[in-house]
Amino acid sequence: MPRPSRSGRLLWLDGARGIAAIAVMCYHYEELVHVGPLLSSAYLAVDLFFMMSGFVLSHSYEAKLRSCRLPTGKYMLSRAIRLYPTFLIALALGAAYYGSKIILRTSDAPDLSALLSILSRNLFFLPVTAGTVVPTGMYPLAPSSWSLATEVIASILYGMFLARASTTLLVGFAVVFGAVFLADVAAFGSFDLGWGLANFVPGIFRTLFEFTIGILLYRFSSYSSAKRWLSPAVLLAGVTGVLVLVTSPSFLVIGLCCYLLFPAFILSAEGRAVTGVMETAFHELGRVSYAVYLLHTPMFLWGTGIFKFVTRQESLANASWLGWALIVSTIAASYVVARFIDEPARAWLNARTRPRTQSLGALAARAEWDRVS
């Protein structure tokens, strides 16, 4: 198996997930920033997240889970500690936004009972399944958390079974998951599945397929000599170009990007050093990526809500300045949350759940990941 770097970090992947999270944010802010056809393929960042997650979790946990040095229950606890601090902040921001509507008695204010019901379900990554509940959506308080919910399923299966499964069996699972997902792609006419109630189950297979690809990439990386000829810088530029520049891609182009370019980049990144300014930049991009991904939708709700309340305008057509202000403020807020809330909270929790022999915090810090997606 590949040996981790001395820092336990995969800085090329850190940089990629930061770039991908910012691309997703700009994609969702398109109503404000008006970038035209640019970023129309940024939703593919989620596919990259799922693959990187499978790879990084294997890099950090597989050897310990397979040797039983890390019990499954403690692995699950370490994942919960990694996911929840920022996730709770995102939920709180979303709940406070809709709570302010109740206090101000706006015409679109939800019922308090409905808001509490949504909060109680989303707190455990459970989707809202009643289409008549206001606010609408499976995860209305933090809409991006749909991919977190599907990745939680993959992470649980990883701790319980996939980490210990043979490579042959994993290939079989990938074939089955991929066949189901691609059948759903054909049925829905899109790769962008999982974000809505109608396509949530297909989104689970999207996650499982790509998460399993990530595990297999880790398994094969120690035997692949081809990665020595792959340039992570060139491939990261290609990944960024796909997310930002590719417009209205065909299924063939999407397939080549997701299942050739993305895996090639992940393979190229393992064991490659990053130094100087790039090391600092990639470290900070990785630090803010999870918070940017989760917080950008509650920030959008608050930003547009305050704008409409103050200006008494419903149209956002001439508010591009607001979009750019939200991009800057979301990145700044994400840094504050990651640096001064999330990291100290995880350190505190890990210190209190640490076995006498080894800290779970070391394991969680080595992964320093999620997404996801």
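Quick reminder: no glycine exception, Cβ is built from N, Cα and C everywhere.
Unlike curated entries, TrEMBL annotations are predicted automatically.
Feature annotations, courtesy of TrEMBL:
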DOMAIN    11-338  domain 'Acyltransferase 3'
TRANSMEM  41-61  transmembrane segment
TRANSMEM  81-100  transmembrane segment
TRANSMEM  112-134  transmembrane segment
TRANSMEM  146-163  transmembrane segment
TRANSMEM  170-191  transmembrane segment
TRANSMEM  197-217  transmembrane segment
TRANSMEM  229-246  transmembrane segment
TRANSMEM  252-269  transmembrane segment
TRANSMEM  290-309  transmembrane segment
TRANSMEM  321-341  transmembrane segment
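Within the same chain, residues 46, 49-50, 53-54, 57-58, 61-62, 65-66, 72, 75-76, 79, 83, 87, 125-127, 138-139, 170, 173, 194-195, 200, 203-204, 206-208, 211-212, 215, 294, 370-373 sit at least 6 positions outside the transmembrane segment (146-163) and bring their C-beta atoms closer than 8 Å to a C-beta of that stretch.
Outside the transmembrane segment (229-246), and at least 6 residues removed from its termini, the chain residues within Cβ reach (under 8 Å) are 12, 15-16, 19-20, 23, 38-42, 44-45, 48, 253, 257, 261-262, 264-265, 267-269, 272. Counted as Cβ pairs under 8 Å, contacts with the transmembrane segment (252-269) are highest for 41-61 among 41-61, 81-100, 112-134, 197-217. Note: the stretches the transmembrane segment (81-100) and the transmembrane segment (112-134) are in contact (3+ CB pairs below 8 A, sequence gap of 6 or more). Mean pLDDT for the domain 'Acyltransferase 3' (11-338) in this predicted model: 94.
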